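Participant: Heads up, here are the entries from Swiss-Prot:
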{"type": "ACT_SITE", "residues": "124", "note": "active site, proton acceptor"}
{"type": "BINDING", "residues": "157, 158, 164, 190, 398, 400", "note": "FAD binding site"}
{"type": "BINDING", "residues": "164, 211, 275, 396, 408", "note": "cyclohexa-1,5-diene-1-carbonyl-CoA binding site"}
{"type": "BINDING", "residues": "164, 211, 275, 396, 408", "note": "cyclohex-1-ene-1-carbonyl-CoA binding site"}
């Protein structure tokens with residue numbers, strides 16, 4: 001294993017999301033309790049918290065208002081190694097585990113969900129290469145994300161007719177000699193228009209259903225890759241969601257991820273991790289709104305005293321804080337299980353995504369209510385957080401779908 005990755009004064013050397021090795025003292029070390037952090041994790045989170053407050057928070061309103069991609073944050077993340085969080089150290093990445101990266105996303109989500117989503121989608125775009133790629137494919141692509149690289153990735157699965165029902169996708173990949181020719185369309189692809197490297201799902205044999213889907217790595221500049229328009233969104237406007245078109249696009253056979261026909265299994269595996277990242281972002285949004293609401297109640301005076309002294313306000317704040325804490329603990333349990341490769345990880349992860357995103361929607365709505373007219377105004381930012389929270393109930397699987405999957409898993413475990 002190569003030497004440690006440095007975050008300024010902080011040195012970290014850990015095992016990645018995929019490593020089966022264990023180290024005695026690493027950022028990814030598991031403790032006996034879910035809440036206890038290693039010293040390295042504490043230092044990392046202090047650094048991320050300072051970065052979020054000083055560099056990201058002041059730009060959040062502008063990013064939302066202007067639909068501006070957070071270039072400044074991307075460059076800072078690149079300098080700190082945060083653009084390759086899950087890439088194993090031996091490939092030049094940071095080598096974080098799922099739990100640590102989830103905590104990073106929560107901290108950034110507190111101040112700017114667009115920036116958190118950009119970083120989340122960056123990790124998602126690499127997941128299938130890390131989890132399922134051959135050694136040759138990993139060697140070809142993963143080192144390119146090290147050394148302060150600003151290369152961006154995207155996870156391209158959703159199509160106009162294939163959202164919750166991903167088996168309905170129409171994109172096709174036909175093998176011709178030592179290449180695959182891809183034709184089709186993707187939509188709502190997070191980071192799509194800024195991505196340099198895409199992981200793309202397509203059917204290689206539609207007659208086989210789930211066993212006929214495969215995964216490919218596609219690079220920007222490949223003839224036949226066409227970037228469509230960016231969507232105008234309700235929230236998280238700084239992170240683009242884009243159309244992608246593939247017109248007789250040729251990729252070398254070596255860019256097949258894993259084995260042909262196993263793409264759907266790879267997709268489900270990646271989504272089980274994506275969902276806990278979404279949940280972590282949701283907890284961050286909720287925490288950020290809660291903190292702003294609490295501060296407002298201490299400063300806003302009505303009836304001759306701060307509204308924090310009013311019992312109805314105290315009840316609302318108590319419920320909001322309880323719900324956020326419960327969501328955080330459920331997310332931590334899910335990430336801990338996923339890091340341990342426990343078979344319950346995907347089940348608890350789905351629960352965490354559902355509960356945390358519903359919590360974010362409720363808490364941000366209540367934050368607007370607690371702050372009254374001020375909460376409805378842009379400068380106080382909780383209205384933005386309310387709009388951002390909505391997406392967490394939709395992406396990586398709507399909460400109706402995640403509830404259905406959870407229910408089936410509990411009732412029919414076989």
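Yeah, the Cβs are placed from backbone N, Cα and C, and that goes for glycine too.
Quick caveat, the model's predicted, so the values are computed rather than measured.
Let's see these features in context: how buried, what's close, how far.
Facilitator: For residue 124 (active site, proton acceptor), the count of additional Cβ atoms within 10 Å of its Cβ stands at 25 [all protein chains shown].
Just so you know, the Cβ of residue 190 (FAD binding site) picks up 24 other Cβ atoms within 10 Å once every protein chain is counted. In the three-state DSSP scheme, residue 190 (FAD binding site) is classed as strand.
Residues within less than 8 Å, Cβ to Cβ, of residue 408 (cyclohexa-1,5-diene-1-carbonyl-CoA binding site) and separated from it by at least 6 positions along the same chain comprise none.
In the three-state DSSP scheme, residue 164 (FAD binding site) is classed as coil. Long-range C-beta contacts of residue 164 (FAD binding site), restricted to its own chain and to partners at least six residues apart, with a cutoff below 8 Å, comprise 397, 398, 401.
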Participant: Determine the Cβ neighbour count for residue 157 (FAD binding site): the number of other Cβ atoms within 10 Å of its Cβ.
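Facilitator: That number is 26.
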Participant: Just the number: how many Å between the Cα atoms of residue 124 (active site, proton acceptor) and residue 157 (FAD binding site)?
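Facilitator: Here the two Cα atoms lie 11 Å apart.
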Participant: Out of 211, 275, which of these binding-site residues shows the lowest number of other CB atoms within 10 Å of its CB?
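Facilitator: Taking 211, 275 as the binding-site residues, the minimal 10 Å Cβ count falls on 211.
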Participant: Could you measure between residue 157 (FAD binding site) and residue 211 (cyclohexa-1,5-diene-1-carbonyl-CoA binding site) for me? Cα positions, answer in whole angstrom.
Facilitator: 16
Participant: To see if you understand the setup: which same-chain residues, six or more apart in sequence, place their Cβ under 8 Å from that of residue 396 (cyclohexa-1,5-diene-1-carbonyl-CoA binding site)?
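Facilitator: Looking at Cβ-Cβ distances below 8 Å from residue 396 (cyclohexa-1,5-diene-1-carbonyl-CoA binding site), excluding near sequence neighbours, one finds 271, 274, 275, 277, 278, 353.
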